[in-house]
Every structure is written in C-alpha cells, then in structure tokens.
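Per TrEMBL, these features apply:
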REGION    1-52  region 'Disordered'
COMPBIAS  14-40  compositional bias 'Acidic residues'
DOMAIN    63-139  domain 'P-type ATPase N-terminal'
TRANSMEM  110-127  transmembrane segment
TRANSMEM  133-155  transmembrane segment
TRANSMEM  333-357  transmembrane segment
TRANSMEM  377-402  transmembrane segment
BINDING   Asp448, Lys449, Thr450, Glu549, Phe590, Lys613, Arg646, Thr726, Gly727, Asp728, Arg860, Lys866, Asn889, Asp890  ATP binding site
ACT_SITE  Asp448  active site, 4-aspartylphosphate intermediate
BINDING   Asp448, Thr450, Asp886, Asp890  Mg(2+) binding site
DOMAIN    912-1165  domain 'P-type ATPase C-terminal'
TRANSMEM  943-964  transmembrane segment
TRANSMEM  976-996  transmembrane segment
TRANSMEM  1026-1050  transmembrane segment
TRANSMEM  1062-1081  transmembrane segment
TRANSMEM  1093-1117  transmembrane segment
TRANSMEM  1137-1159  transmembrane segment
REGION    1182-1205  region 'Disordered'
REGION    1217-1247  region 'Disordered'
COMPBIAS  1235-1247  compositional bias 'Basic and acidic residues'
Amino acid sequence: MNRRRVNSQGSLGPDDEVMPYSDDETDDELDVSSEEEAEEPPGAPQPPVEVRPTEMAWKVKANDRPYHHLPEFEKKVFLCFKKSRYSGNAIKTYKYNVLTFIPLNLYEQFKRAANLYFLALLILQVIPDISTLPWYTTLIPLVVVLGVTAIKDLVDDLARHRMDKEINNRKCEVLLDGRFQETKWRDIEVGDVVRLKKNDFIPADILLLSSSNPNSLCYVETAELDGETNLKFKMGLRVTDERLQHERQLADFNALIECEEPNNRLDKFIGTMLWQRERYPLDLDNMMLRGCKVRNTEYCHGLVIFAGADTKIMRNGGKTRFKRTKIDELMNYMVYTIFVLLILVAAGLAIGHTFWYEEIGSKAWYLYDGKDQDASYRGFLSFWGYIIVLNTMVPISLYVSVEVIRLGQSKFINWDLQMYYAEKDTPAKARTTTLNEQLGQIEYIFSDKTGTLTQNIMQFKKCTIAGRTYGDPTTAEGVTLDRGRPVDWSWNHHADKKFQFMDHSLVSTVRSRKDKDATEFFKLLSLCHTVMVENKEGELVYQAASPDEGALVTAARNFGYVFLSRTQDTITIKEMDHEVTYEMLALLDFNSDRKRMSIILKFPDGRIRLYCKGADTVIYERLSPDSRHRETTQAALDIFANATLRTLCLCYKDISAAEWADWSRKHKEAQVSLSDRETALDTVYEQIENNLMLIGATAIEDKLQDGVPETIAKLAKADIKIWVLTGDKKETAENIGFSCSLLTDDMQLHYGEDVNEKLRIRQTNRRNEPQTVHRGRKKTAEPFFPMPGKNALIITGGWLNEILYEKKKKRRRLRLRRLGKRHHPTTPQDGQPMDDWEKEMRQIDFVDMACECEAVICCRVTPKQKANVVSLVKKYKKAVTLSIGDGANDVNMIKTADIGVGISGQEGMQAVMSSDYAFAQFRYLQRLLLVHGRWSYIRMCKFLRFFFFKNFAFTLVHFWYSFFSGYSSQVAYEDWFITLYNLCYSSLPVLLVGLLDQDVNDKLSLKFPKLYLPGQQGALFNYKNFFISLFHGIFVSLIIFFIPYGAFLQTMGQDGEAPSDYQSFAVVTASSLVFIVNLQISLDTSYWTFVNCFSVLASIAIYFGIMFDIHSAGIHVIFPSMFKFTGAASNALRQPYLWLTIILTVGISLLPVIFIQFLHKSISPSVGDKVQKNRKKYEMELEEEEKKKPSAFQRGGRSRRSAYAFSHSRGYADLIASGRSIRRRPAPRGGPQDSIREAPQREAENI
C-alpha cells in the first residue's frame, strides 16, 4: 500500500535541512539576523543594514596564566568576594566532602516533613508534664532511619567522587616552563598549550595549532558528543602549522585569542587570533571539543580556549534536576493527611479529657494527683500527650523501608543476566536507587536515533545492475536458495573479512568480466567518493565523511575494485589484478540540496567520463532518453524501499574534449566568484550533470540494533508512546521510522507545514471566540484528526521553532533591549502571539495534536529542543516520561525526563554519566519497563498499602482505649512493644514482599504487555487505596480492642484469679496484633519463597522471645524503671481462655478479607488475575514457542523509494581538491615576514 502524505499549502517555511539554535543564539548573532525584523508592514521599504563588528568578550592569552587572573577578568561570587571568570578544568558532580557531609546530609534529611516531625516529638517527650512515652521510643527508630539513609547517601556520593577523580586525574602533556610536562586534567588552565597523542581524549575545548599530519589535519571521533563513530576532520591555521611544530616555537607562542563567550552551540565557533600584529579568523573547523577522541593522528598541539564547566559538552548538559517519583509525591501528601487526622483525633480526645475531668476526674478523691491544674490546662497537656501516643500513625520507619526496597530492586536490575551484553561485557546499571517504581508508570518514551535505535553501521545488502537484482542467497550458477552461506573472499587479499554477501552469482559475474555493466558499477563505486585511505601495516583503512560512503567503497573493495590511494588530481584503484590511475578533473561534492555527487575522470586511454551517484528522485530527472532499464530499476528500488533499505542510483556520462573544455572554463569562473559562489557552482554543476546513462542502484541497510522493532511493538501494546528526537535529516529519520516499525503503511504522515496550518486555524478560531468563553472556563478541545485512521507527525527543528514561537521569543528579547519596552500588539497577527497566554495555548495545541498521533519524529533538532519537547509533554500532559540516548547531545533530554536512560557500551559515555539507568542495547528497555518496572511498582504499592494498614491497626487501639481511661493519654501497650513493633515484629515480612513479590513471572510479563496498564493509570496506589487501608486499619483495631475487652469483662481464670488486669490485656492485644499483621501479609503475598515463609514465622517467634525476656524478673531487677511488666506474659499466656480470645480476634479480623478477595477475583478479575489463573497453560505455550525457531520480524511493506542521505555534513571534497591532506608538508618558512595572506589566500588555495 502506498504511504499517504497530507498535501499542504506551499509556504515559505524554515529550511528542513538546517538545525536551528533558537534560544542558544548569542546576542551578537541576533544583531545581524533579526534586528530588522518585524514592525514595518511587508511593503515598506527596508533601509540598508549596516553590519557592525561585535566586540569579542572572551580573551585568551597563550602561555600566560597570570593574564587570566587580572582584575578585569574577575567576577563577583558573593558580596565582595571575587574569582576569575575562567573556569578551571576540574569537574565536580559530588555533593559532599568530609566537612559538609554530616551537617548537609542532616539538613537534607530534616527537609522531609516526617523526620522533622519526629524530632519535634522527641523534644516533646523530654518535657515531663507532656511525656506519656519514654524518649527512647522515638529516639531509637529516628537514629536508625537517619543512619541508614546517611549511609546510602554516602555510598552514592563516594561513587560520584570516584568518577570525578578518575576523569580529573587523567594525564595530558602541558607546556610549562618551556617544555612539555605530564599534567593532570584538573590542573590544566585556559591559555595552556597541550600536546595530544593518538587515541587520547581531548581534555578541554582546544584551538588546533599543528599536528603530525600534512597541513595540520587532525581526525577526531565525536562519539561522546553525538554517538556517531565516523571520523570528522579538524585543521589548524596555515600560519600556526608552519611556525608551531617544535617545542621551542610553541613556548614562544604568545597570541591573543578573542572569541565568543562560552555557549552550548556544538556547530558554531567564531573568533580571531592576533599574533605578530596580524589578525587571523577562527571557526569551528579549527576547534577540537572536549569529549572527542584523537584518531589517525600521531600527535597534535592545541591551545586551551574553554575549560571545565565552560566547555561546550558541559554547557549542553542542562541543569541537574532532583527527580522524585509520583509515588513519593503521593506518599508525602498522604503523610500530610495523616498529620491532619492525628491533630483532629488528638484535639477531639483532649476536649474529651477536659469534659471528663470536669464531670468525673475532679470529683473522684482517689484520682487526685496533687497538681492544682484546671480542666482546660489538663486538656491542653492531654492534646500533646496524644500527639506523642498516636505518633505511630505517621510511620517513622516508612521512609527507611522504602529506601531499602529501592536499593534491593536496583541490585536486581544490576544482576539481571538477561540485560547483560556479553559482546562488550556491559551489564545493566541502575545509577540511582530512588526511581525504580516510576519505571512501572511510563507513558511516553523519547528516543535518540543514531546509536540508540541504530548501530550507526551501514551494510551493503543488495543492488540492481542493468535491470537484474542481486543480494538474495544465490549459487554461482544463479539458482536461488532459501538459506545460503556467505561468499568466501579468500581470492581477494584486500577484502574486508567482516563484509558479508550472500549472492554468489554476482561475484562470479564480476570475476568473469563478461558483464560490462557490472564492471562499470563497481568501478564507479571505487572512484566516485570522497573517502580518504590510510595504509596501516599492510591493511587499507578507509576514513569516510559518512558511514554510507564507507560501506559502498568497502563493497567495491571486496568485489575486486580496490581504492588504493589518491592525490590532489589523481585516484588509483586496483581493478581485479592490475592497478589503474585515473586523472581527476573535477569533484562535484554532495550537499543537501543536490542530493548527489559526481566525479569527472580522464581515463588512461584519453576518454573523459563523468560518474554520478545520488538519490533516485534527482537522478531520474537527469537521465538521457536513451538510458535503458529505467522501469526495472525503479521496480527494484520499490522492493528495496519496502525492505527499508537506503537506495542510491548510479549512472555515467561520456564527455567530449570540446564539451569538457567549455564546461571547465565556466567551472573556474564560478570557483572565483566573490558573490554567492555556492549558487554559481550549483548552476555550473547542473549544466554537466544531464543526459546520464543509468547503470543500476545500491541498497544499504542502516543496521538497527537487535530487537528494536520487536521492542517498539511490545511497548506500543503496553500503551507506551515512542517519540524519536534526532539531529538527523528528515529523510534519514523517516526511513528509520519505517524500518523499526514506528511508522507503518496505514499511517497518514503530517509534516511541519501541515501542522503549522492546522495550529494557525485553531488559533484564528480561538481569537474569534468571545474573550470570556476561552479565557474563563475550559472547554473540551475538538480533535485535530477527526477522521478514523492512524496519524504520525514528522517535524523538523525549524518548524518546531516556528510553531512554538521560539524565534519570536528571541526577537522580542532583542527588541526589549533595544527599545526599552515592547507593547503587546493590539490587533491579531498571524504567526505572532498576542501575549503569553496565547503562546501557552499554542504549545498546548501542539502537544494535544502530537499526542493524538501514533508516532512522532522530530528531526534536525538541537539538544535544547529535545529537552523542550520533553518538558512540554511533562507540563501539559502530566505524564511520566523516559528519555533514552547515547551521546552528549542527549544529556539535556535525559536530565529533563522523569527517567533518563543512557546507552552504554558505545564509545560515548556522557549520556551514561547523566542517566538514571544504563545498559548496552535498546531492546533491554522492554525488560527494564515491563518486568523490573512493573514488579517494582506492584511491590512498592503493596508495601505502602500494607504499611499504612498495619500502623493504623496498631495505633488506633490507643484511640478506643482512651474512651475507657478518661482520655488520659494512657497507652494500651507496653512501652517496649511500641518501640519494637515497626522495627522487629512486623517489618521483615512486608519488607520481603516489597523486595521479592511478583504476580506473574518475567516471561509472562513480557508476553502480556497489557499487565503494564495499571501502573500508567496509578491504579494500585492512590487516595482510594489509602482510605481503604485506613478503614481496614480502623476495623482491625476495633476487633483487636473490643473482643479482648468483652472477653475480659467479669472473667475468672482457672486458678481463681481474674486475668482481666491492664497488663494481661496489653499482652493479649499485642499478641493478637502481631498474629493478624503477619497472617494478613501472608494473604497478600503472591510469590512464596522459603525466605517469605521464614520471615513470617521468625517475626512471630522474635515477638514471643523478646516479650518473655523483657517481662522476666531478671531484667526488672537490673532496670526497674524501664521494665515494669514483670511476669505479665507468662501469667497471661498460660490461660487457655486468653489463647482462645487471641484465636477469635485473629479469625474475625481475617475472614472478611478472605471473603472480599474471593469475591473480587471471581466476579471482576483484573488482567493480572486472569493471567495468574491460567499461568500453567501460558507457561507451557511459552515453552513450546521457545522450542520452535523464532520467525524473523517482518519489515514494513510500503511502496516508496527510500531517500538516501550521504552524510549530515559536507564531505571531504574541499580537502581533496585543495590537496591539504595529501601533499607533503612544505618546508618551514623563515620568519614573520613570510606570514601568509588572509581569506583571499585561503580561497585561492581551495581553487
């Protein structure tokens, strides 16, 4: 089925190929770019713009450290304290040091309302008139809680210290005192000259001065920045290349660099170098950024421009945000609710005590305590007494238990062997312990493309030559096979052994040399490119501007057409067994508008031929009417596109000597054109790239990571929406969207101009409504896509700025600065927000539209835009978000989302260092969310529900007891039972449920993604569940108090003594409570292990063991004031009547719960209940599926040609044409009088 694209009105929109930097622009750019915009009507005459040179605010003096500490470069830090504005190169991510750990950690812990509350309680318990419980009942749990949390924080911070220390202590050679000395990264300063060697990481943002390569060329790998492993080249200025090769010359170097201030723009740098009274321009090609790695360059020298926090990689990191889970926030609100309930109950009981004392207490002589206090004052003291007695309604051990559970769940993620990537020895790593249950509530995933969904590895998979398609498993005779074996390349000693191809017939055709088209096909691939070659120990190593080009030249190499070397004007290849050198007359490089590249060669026999390769859409327009195989090639292109392969058409043209001479003259004129040279060159290229003869087409696979389509499909079934945010081009991103099944044939695709038009119409309609209607009450918005069917959004960074008014925001800031104040427009203008409310509504509209779509792809977006998109969804949808990426350009997005995941195992580690979770492959995301996330959420919810229940059941017994004790703040239990209840008697079973419980196993969790939905809906822990726990606790506390109370009334024991004393009653109620709580958690446990069973029995045994000890006579003799229940347990529990009371209490408490659970699972079972019920059946099905061979995942069946992208940036054509990378280094020039000329010299050199 053909993919449908919505038609849109032609508009002058933003350039889809350009990556915008809306709010990251510096003010000096805006002076030129947007100063003149706006206020005049379109027809008004525009005055000529005067471009003023802006003052460069950042100054760096080479080899002069004291210069950067001058007073003029200092900034105020605090009051009168100042420090240098130039950052040191050390980075700091830790929070504490030896001196600040205890005070800072205690301050952070006491910011928690519960901890502060218990500290206040402790102070109250010291006051004798108020205290109803000994001080140690609060102090011991508080110290345990603070201690455990402090130890956890210390362990986390020590890990940060170790990572910082490892990076800051890396070694680098720095020029000090006239010679290079090995120095730690942290000691490097702005203005230092450093020497870097091959495979070294670059320690700061450095201006390249010279290198071991010709013309100070230096190759860098930018995987840390953008996840891409293909090499980029940087080049030093010619003047520094010629004069700064030796240590002595570098020591005498004293240039002053003036440049832009530190910013986060990875694609821009502007500056000048003033040296020996000459001024030289600097740009990004001269800069090597921190985090990159030096490759294929023996050594290079550079000058530190930005260090530490000022470097571009650190500036792109965004703010580190304190992340909290939804459950954390809910838990805090519930604790506040309990505070309110506690105050209301205490106030009610205090009022009861006031009335009781007036009516009864003051009149009973035997209750006189010797204190002359009136009823109101006694009621006031009773209020504080009950605050202390009922304090266990707010569970002090709740927070520490939650931390222990989270720590355990993090360890389970770390230990999961199914998330271990053996190929690179990379296990999954939970880098935080506070967000695990949030993994079970994800609604939106924001993913990078390169290195996250794809491996950034291109593979030559298929081709079509003269109408015949190759690439499927085939024998040498042309017989098609179901399963073939890879071609044996042993006949070609230049072959890349990693290259796999299944079609033996193509190899035999090429080796026979009978098919001229096949010969021309691979000859073109080996000649028409901008790849650089290096010979390493007899092995050819290719360096390509994009992995696509590298894949094509490698394919030609394996088929016997080996690219060997090139000079400025020749290119040498090996055609099977003999070398041929071709004269390169012209190289017509690729750019995003041309979507093709060509090379014009002079053959050894004198023929002149143009070879061209490019996207099919542009090649077909330029084919000769005599060109054959157009239809068959087009059919093959459609088949390749169905398999989501990146296609490329190959063609040639023979040129006569006269035609070449005429075109060459025009080409030289265009090259020296001083105005709009790029357009002039494109026009000349058009004149020669016509009447082409089609040879065939290639199909390259942009290799996805294993399991990506299956993972996306499974997450979609769990109702998780995936948005791809990438800096790649639109065609590439769209292509990957289809190959990973994010986009499908039945989706209607909407592009930036369509989206802008729909939003403009919605905005116009809103403006036409009465003000009171749309500004007052909210009305339900109509859907943007009312028609049935699936929709997808593909939008570029430029359109994103246009839609969200980002450009307008920047221009408004500029006008405010210029004009003093800007008045809001009084009349609506299309494309202009009238006020902040309208801008916000536009953002809401965009988010609503995007969320109506099945898939969203944002391409050519900046790191800041990625973070902004995540923020918009968080802000307006209140959804739980997850971002996943692998490069420094993903750090901001990772930090902005509720959960950040870094892909490790690649070269780049910046994303991992900023992430909350890290693993090596995208496919592990489904296990992280659907298994670990879901289990963590279920466990935490079950733990919290039960924890609140057991504390309500425990505490509210005091409330019922107060009605029979004159509201006198008397406790219903023994003091030590109150102290140890949450620590020893009821903590272990519920803790193990929080750590180990699972409703279904991991395989069934993955088989039924719908099990994930309750977490997204927050169905297992909310205010409804909280109040159910509260009423359950009230019910159980009623039973625990009133059944023993009724049993004790008018009772006689076997020995003639009445067991109805206060201490026996306290023992019976406490024993009943311990049995009920431990048996109730047993009913709630879904997954039984030996440890769970042991914990329940051990808790009951510990209770009886400790109780008999502290009720013994021996301990009473040692501490008479602290242990007053001497013999109470042994006296009470020898009465069978009281054991019967305990059994009756426990039975009546548990039977209703069993009955309700039975009814719920019978009448309205959840998805989890149904899966549990048929668990055995499903497990058998899974075993059978595993025995069968897994079927290959079916790719999309769309009928469209896949757009081919050479690279996201320009190739090496300028470099090759100039000969800078090839010719020998010129001899060093004599002195300053030989200083090179400025820009004209550089332009002439390019020619």
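Placed from the backbone N, Cα and C atoms, the Cβ positions cover glycine too.
Predicted automatically and left uncurated, TrEMBL annotations should be read as such.
Between the C-alpha atoms of Gly727 (ATP binding site) and Asp890 (Mg(2+) binding site), the distance comes to 10 Å. Remark: the transmembrane segment (333-357) contacts the transmembrane segment (377-402), by the rule of 3 or more CB pairs under 8 A.
Spatially, the transmembrane segment (976-996) is adjacent to the transmembrane segment (133-155); three or more Cβ-Cβ distances between them are under 8 Å for residues at least 6 apart in sequence. The binding-site residues examined here are Asp448, Asp886, Asp890; by Cβ neighbour count within 10 Å, the least packed of them is Asp448. Taken residue by residue, the domain 'P-type ATPase N-terminal' (63-139) breaks down under DSSP into 34 helix, 9 strand, 34 coil. In the structure as shown, the Cβ atom of Arg646 (ATP binding site) sits within 10 Å of 26 other Cβ atoms. Asp890 (Mg(2+) binding site) has its Cα within 10 Å of the Cα of these binding-site residues: Asp448, taken from Asp448, Thr450, Phe590, Arg646, Arg860.
Taking the Cβ of Arg860 (ATP binding site) as centre and 10 Å as the limit, one finds 25 other Cβ atoms among all the protein chains shown. For Asn889 (ATP binding site), the Cβ neighbour count at a 10 Å cut-off comes to 31, with all displayed protein chains included. On the 0 to 100 pLDDT scale, the model's mean across the domain 'P-type ATPase N-terminal' (63-139) is 80. Taking CA atoms as the reference points, Thr450 (ATP binding site) and Asp886 (Mg(2+) binding site) are 8 Å apart. The two recorded residues Arg646 (ATP binding site) and Asp886 (Mg(2+) binding site) have their Cα atoms spaced 23 Å from each other. In this structure the C-alpha atoms belonging to Asp448 (ATP binding site) and Asp886 (Mg(2+) binding site) are separated by 8 Å.
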